[in-house]
Each structure stands twice: as C-alpha cells, then as structure tokens.
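Enquirer: Just dropping this structure here.
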Amino acid sequence: MDQMRVLLVDDEEELVSTLKERLALRGIEADAVLTGADALDRVQTNEYDVIVLDVKMPGVDGLEVMRKIRKLRPRVQIILLTGRGSEKESEIGIREGAFDYLVKPTDIEELVKKMKEAAGGSS
Amino acid sequence: MSTLGEGPGAEQRMRLMREKALGFFAVITASLSHEINNVVAIIGELSGLLDDLLAGTEKGRPLDQEKVKTISERIAKNVKKGEQIIKRLNRFAHSADEPVKDFDLRELLEQVTTIAQRLATLKGVSLEAELPEVSLPIRSNPFSMQQAIVGCIELAFSGSRRNDKITLTFGKEDAGAKITVTGPTHDGSEASQSMLSFLALLMRDLGGTMEASPAGNDTQSLMLHLPKSIERPAN
C-alpha cells in the first residue's frame, strides 16, 4: 500500500502535535488541525485515507463535522476520538459510517493498527 | 419568610431542588473529569514520545537532549495543570459539605468562572469575569450559589451563537452582593422557562432574589441579589 494520508483533528494543540510527531517516528506523515472548520477546509483541497477526529471540540459538534466530511469525501475512513463517558456519541458516529472509535487516552500502537485497518478498507 | 420546605407543594419543590442539585453536580464533575482526562492524555503522549526517542537510541538514532528536556518540561507543566483541575474539583465537591458556611465570595466567583469556562468554550462563546479585588466574606450556601450562577450562564448559552460573549460582574449592595450575568437573551424554550422558574426558587432558598432585564439587542442581564448572611438553610 502507498503512504497512508492521514489528517488529525483535535482542539488540544499539545496532544495533536505530539501525536503527529509519534506517528512520524512510525513512518506515518499526518496533517494536523485544531478545529472542525479547518478540517473541512483541508478535506476540500486534500485527499486523505484516514481522518482521526475528536468528537468534542469547542463550538462544534464533531459528528456534524464527520457528516460534512463524508459528504465531501464519501470514501475517507474516520476514526473518532472520544473522552471517557462520551462513547454514546461515538456509537452514533459508527452507525453513521465512522470506521471505529478510540477512547482517550489512546494507545499509539492501537491507533496505528486501527488506521492501517481503516486505510486498507478505503483503498 | 416562608421556606421552600413549608406550605403547599413543598414536597414537590424539595424533590425538584434535589434533582437539580444532583444534575448540576453531575454536569460539573463530568466537565472537570473531562479536563483531567485531556491532561492525562497529553501526559501519556508526551511520555510515550520520550519512550519512542529512547527506543530510537537502541536503533542507533542519536538522542536529542534538548528535545528530551523540552518534553520533560511540558510533562511537568501538564502535571501542574492537572493538579489545579483536581484542586478545583475537590473544592467544588466540598462546597456541598454543609448547607450554610462562611466563605470568600471572591474565591467562589473565581472558581465558578474557571469551571464554567470549559462549558463556554465547548459552546464556542467567551466568558469574561470582572471579579472583586478584595476578599468578600459571606455566609451562605456555596453549592447553591454556584448552581445559580452557572444556571444564569447556561440560560445565556441557550440563546448564544458562536463567538458571542457572556460577562459576569459583581457589585456590592447594602444588604449583600449582586452578581450579574450579561449575555445573549435565552431562547425562550420550555427548558429555559423552566430554568428561569427554578433559578427564582433557588434564589429564594438563598434568601435572595433574581431579576432579568434587557441589556441591548438580543442581550439580557440576569441579576442575582444575595444577602450577606443566611443563618440557616432556608429549607
């Protein structure tokens, strides 16, 4: 498989930048944005295989962002990131087409595994 | 003054008070525990990055000591942040210990504003507070007082749009204090009307009153008038 194209979306700047760095050490180059609006902008101009999307972001419903992304790019696979206790929203997301969800704090190897599974499914 | 626990409908009022108090406690503890979870997630990723860098040295990659130092400092900063959130959670939980106690209103306003900040951020609105500079001893129910203030803020949320502003101000009155929450006018829904009625009830329990007045286009002020002292739980 070609290099996986990944977009990380989370309002926690420190979390997303560290995650990006750790993925890079594993040979996965990811773009990272902090808002749902920025994610939509990126999706309009870039092709991604996998989007890792935080469900709870300031001023925006993560599931709404997911719906808009899927409308723009129906083939992109979305992995939702959720806080403990917010799994219900992620389950709704899965029913609406998300590939899977992970509860924060996530295990990097688990995330990479899911991303590879998701990218495999999208190609 | 009649108390909430007396007269017709007393049992229903008391049940409502208990249910709302529990609901408020749940919202705030969930919010604070989410904040803690975020900090733990960041610390987890940072310590994971340290592990990754160390693992890299085993494969012959040089260790960037400056980078290790920066990561270590970032971990320490987040540990401190986590400690502060835990302190707020602890203070909030203990505010329900006694129905009436002596406390500093300034500290309470600082605490409740910080707690409500995350709720505002999630709504996409800003919350600004003009807090008193000196301590203000008061004898009241700190838990209910926080519930009343956050209730006013939530009412403003109901009519808010992204980037709206909510302000919390404080003023001294002869009989006590006035806390004003100015923000978008509530959405007029059944839930908001019910919240308004509940807040009036809560303020009565605190020996005070609440009034609402327009503060401009689509903006209103909710004013909580609080006595300096209540000698016993009103109910």
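Cβ from N, Cα, C; glycine included.
Per TrEMBL, the features are:
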DOMAIN    A:5-119  domain 'Response regulatory'
MOD_RES   A:ASP54  4-aspartylphosphate
Enquirer: For the domain 'Response regulatory' (A:5-119), what's the model's average pLDDT?
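Expert: The answer is 93, the mean pLDDT of the model over that range.
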Enquirer: Output, ordered by sequence, the same-chain residues six or more apart from the residue listed as '4-aspartylphosphate' with a CB under 8 Å from its CB, or 'none'.
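Expert: For the residue listed as '4-aspartylphosphate', the qualifying residues are A:VAL9, A:ASP10, A:ASP11, A:GLU12, A:GLY62, A:LEU80, A:LEU81, A:THR82.
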Enquirer: What are the DSSP helix/strand/coil residue counts across the domain 'Response regulatory' (A:5-119)?
Expert: 55 helix, 27 strand, 33 coil
